[in-house]
Amino acid sequence: MEVEMETKMQESNECVKKKIKTEPDEERYDNKNMSDSPCESVPSTSESPNKETQLKDSCDPLSLIKNAVVVLTRLPDYKISALRPPTPQQFYSEDDSYSSSDSDMLWEQDDDSSDSDFSLSNNKRKTQKKNSSRNGNNNEQAPIIVSSAFAHCSTETTKVRPNLPEKEVAVGMMILAKRKTMKWQRGKIVDIVTKEDGRLKYKVCFEEKGRSLVSGHHIAFDTTPDLEQLYVGARVVVRFPDHKFRPGVLSELPSRKNRLRFLVFIDDHTPLYLGLPSFHLVCRPLDDILEDIPDDTHKAFMARYLRDWPYPHLTQYKSGQMLNVQLNGVYQRSEVQAVDCSVMQVLFQDTQVREWIHRGSIRLQHMARFLDINTVEEQDYDSD
């Protein structure tokens, strides 16, 4: 059997040699290229199951060469995405535009979004629908109201004063003291008076003439505080660009979400983003700092804000969007000019006056309605 097989192979080889000798040069070149092709290693699907019969019945050399088959398969989109290198996160800088696409303030939420920083509960979604249906203006789209997470570590969620030693307040110190409700000035402590009930009063001589006897929660250190002394809810005095001083409450610590700035609410409900050098800590704040806020409406807003922190409610507006904003007790038509993290600039249509306002302010008609409905739902839940 082996001799017979060997004889057949020799006959086939001789046949191949004769065929090659009679082939034109072009055909031989093509056949050589086919045999040298890297695709030769691909298994052929047309190979005959009986090699002995093929060798016996045909002397054609092309019948001895395997046919190369290349199959191209398109990968699914999710596999292609997985093969792409990740894009590094970009951090905010002070030079970024208000309309930067990297800003989460310009992010528009889809109904099925599950982003934890902007997620809404079912109850809040229902509230928004109720709020939208009560507007009575089909041309105006009600904004999304989100609960933005600003805290990135456990210390940022703390709303109590850090357990640090109190700095000394002594005669001869330069301080900032309350002159009027919304006006603080630089002065020097010239005397410390102890009242019959044990309370301390500080006699201050102002640089701009005048004297005053004030309590410990109406004086502030003239020096810049350490970062570890600041916390959400701290009672502070801030210096404006015109070098005037106003009292307020610290409401955001620096993070990537607010471009590494502090947010403070002035006692007249004005929000400001500031750097550390603009802050002055009140020397002896009250246990309940809200008692020192003169305006009842702003006091109620700050109470809710501190209660909800680090998830304060924010409206989601875009530049160019129209809305109603309260000014001097009356809602006025306004247009969003710019959005900067938790605040936005609005232009009042009647007076053409621009003003920065917090996106969770009760001066916004949509937010006021949302809070009213939310308050009613909370009361109904408590009664149950």
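For all residues, glycine too, the Cβ spot is worked out from N, Cα and C.
Bear in mind that the values here come from a model prediction, so they are computed numbers and not experimental data.
Feature annotations, reproduced from TrEMBL:
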COMPBIAS  1-33  compositional bias 'Basic and acidic residues'
COMPBIAS  34-48  compositional bias 'Polar residues'
COMPBIAS  49-59  compositional bias 'Basic and acidic residues'
COMPBIAS  105-115  compositional bias 'Acidic residues'
COMPBIAS  123-132  compositional bias 'Basic residues'
DOMAIN    169-222  domain 'DUF5604'
DOMAIN    230-268  domain 'Histone methyltransferase Tudor'
DOMAIN    318-365  domain 'Histone methyltransferase Tudor'
REGION    1-59  region 'Disordered'
REGION    82-140  region 'Disordered'
Secondary structure split (DSSP) over the domain 'Histone methyltransferase Tudor' (318-365) reads 1 helix, 29 strand, 18 coil
On the domain 'DUF5604' (169-222), the mean of the pLDDT values is 95
